Amino acid sequence: MGRKLDPTRKEKRGPGRKARKQRGAEVELARFLPPEPEAGRKKLSSHGRKRAAKRRLGAGSGPAGKRPLGAGGGREPAGQTTCGRSGFSDDNSKWLAPAKAKKIRSKENHVELSSDGEVEESNWEMEEDEDGSSEEMVDDYGASEEEEELLPIEKAALKQKPDSEDDSEEEEEEEEEEAAETTGRPKMGQKEEENPDLQLNLDIDEQFKLPTNEEIEKEDILFISEPPDLHTIHQRIKGNMEVLQDFVVKREEGRTRQEYLALLRRDMAAYYSYSDFLLMKLMDIFPLPELINFLEANEVPRPVTVRTNTLKTRRRDLAQALINRGVNLDPLGKWSKTGLVIYDSSVPIGATPEYLAGHYMLQGASSLLPVMALAPQENERILDMCCAPGGKTSYIAQLMKNTGMILANDSNAERLRSVVGNLHRLGVTNTVVSNCDGRQFPKVLGGFDRVLLDAPCSGTGVISKDPAVKTNKDEKDILRCAHLQKELILSAIDSVNAASETGGYIVYCTCSIMVEENEWVVDYALKKRNVRLVATGLDFGKEGFTRFKDRRFHPSLKSTRRFYPHTHNMDGFFIAKFKKFSNAIPQAQKEAAATLSAVSETVVEPPPKKKKLEGSKADKEQKLPQLTSKKKHSLQAQRRPLKA
């Protein structure tokens, strides 16, 4: 509210304490009023004190004399022009100069000027004569009281009603703020002990509550017009997960687990942009905490990996050449002798001279695993039934050292162009490329030692590469892929020669994590052909399912392997390895085929005329076994040879 003698200097503050607020003009004037009479006189109010001060100022007005500070019995400030407090004269500007430090003493007391010219307010005191009358007042602005004019801000302050309670409240607030600051700052070497309690309080206050149906409907309406608030949805997913992990303790009364799961599925579909069908499938496969990790891993691309072509170079030489070109890389892992992980590169990996020379192949880490499980040997005849784009085929040729024969087949002629280009670039010479339907392959050519079937699938393991899988897959697509895979795996098994001295193996793999495309297909093959599951030879990976929901699979499915992006940092993959022990098709399958043909040839007897409506469903159920027994007798009669 008031000025200081040196406007450029800030008010001194103690260490760690706030500067006090400036008081109004009436408070400053009250500091220089004479002490009140002790007794016998009426106590003046705040307005009275101000009016008395004004009267004294008016009574003491006269010619303004210039006297230096500390001269004579009475004290007056340095002389000031008639302009009043609105400005200082040239003489006073010298007095205000902060360059020189002075100490000016009076007879009764002394006023000290600090080194920067600021007047120490604590030394300004009112002096009284022997008769008790006060001398001219000197305020902290350094102006005399002889002038009647006041600054507008001072006039406004004088008009305001003083309130001592407000001043006391302000002081209390300042003290509380200082106390809060001192308590908020922990001492050196002292740990904060209140954080756990605060965190517990927050957890109690922010306990997850299931939204009502009306709130969910409002959110659905808002989602149509505006994008959802992802931060709110993410927090709700976290709270819902905490409740579901300790459902008995943290659940709301009257709410079922299905309601929490339905809300969780709805929130995850909105947050991660998945279809409701695919989320239901994933929730059946993964536990809830692992499901979140899987969904998060699909949002991050997998690391770039390359496979060294040992037909032309060694991994050590290739790594050194790429490092010289500014590539940051590391070996893929102990399980691979040819893989390299590329972290970053100053040159395009797919256009280096080493790549064009065929020294390496850009290939995912999970694509190396099926060939390692197949373990091809030299001078064998191997069939790659679905070979495009040729990464696995070239790896097989690399392991065989360009010996034997590889038949690379694919049903898509357009994709075979990339296969031919890669085989030429990598220097593969033992491969024959064909364009046939894999389901007809045993009739085209058979008798192979080993077969690799990388079956077409829904692609739920490579969502990070193809995010469209999140929404464009449904139940029909999964079942269609599963049906095609069953046909292909039977053709692959029939194409293998069980009497092979070194082979007789089939490797089935998919880039999907759906049970319908993996364990279900393998279990089907075990029932339809004379094959058994053997170890894949891979040291890592999760075991396949032997039971899923209400289905029970063969116990040997434990030898199959599953790979996930959130656990192995590679694309989702499934690998199963079969060993064929007989070329004959099981007789049970032949008998079933014969019975089906016989049933189709038999003439069904016409039903009797309906005279009245059938009684009940129980009567129908009783007639069904009789019909089946008649069919069995007719079939047995047909099989018996006719007597001569």
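Cβ coordinates come from backbone N, Cα and C, glycine included.
Record features (TrEMBL):
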| type | residues | note |
| --- | --- | --- |
| BINDING | C386, C387, A388, P389, G390, G391, K392, D410, D437, D454 | S-adenosyl-L-methionine binding site |
| COMPBIAS | 10-22 | compositional bias 'Basic residues' |
| COMPBIAS | 42-57 | compositional bias 'Basic residues' |
| COMPBIAS | 115-151 | compositional bias 'Acidic residues' |
| COMPBIAS | 164-180 | compositional bias 'Acidic residues' |
| COMPBIAS | 613-623 | compositional bias 'Basic and acidic residues' |
| COMPBIAS | 629-644 | compositional bias 'Basic residues' |
| DOMAIN | 294-581 | domain 'SAM-dependent MTase RsmB/NOP-type' |
| REGION | 1-202 | region 'Disordered' |
| REGION | 598-644 | region 'Disordered' |
>> Taking only the residues the record lists as binding S-adenosyl-L-methionine, namely C386, C387, A388, P389, G390, G391, K392, D410, D437, D454, what is the largest Cα to Cα distance between any two of them, in Å to the nearest whole number?
In response: 20
> By DSSP, what is the split of the compositional bias 'Basic residues' (42-57) into helix, strand and coil residues?
Replying inline: 12 helix, 0 strand, 4 coil
>> So if I draw a 10 Å sphere around the Cβ of G390 (S-adenosyl-L-methionine binding site), how many other Cβ atoms end up inside it?
In response: 27
>> If you count, for each of the binding-site residues C386, A388, K392, D437, the other Cβ atoms lying within 10 Å of its Cβ, which residue has the minimum?
In response: D437
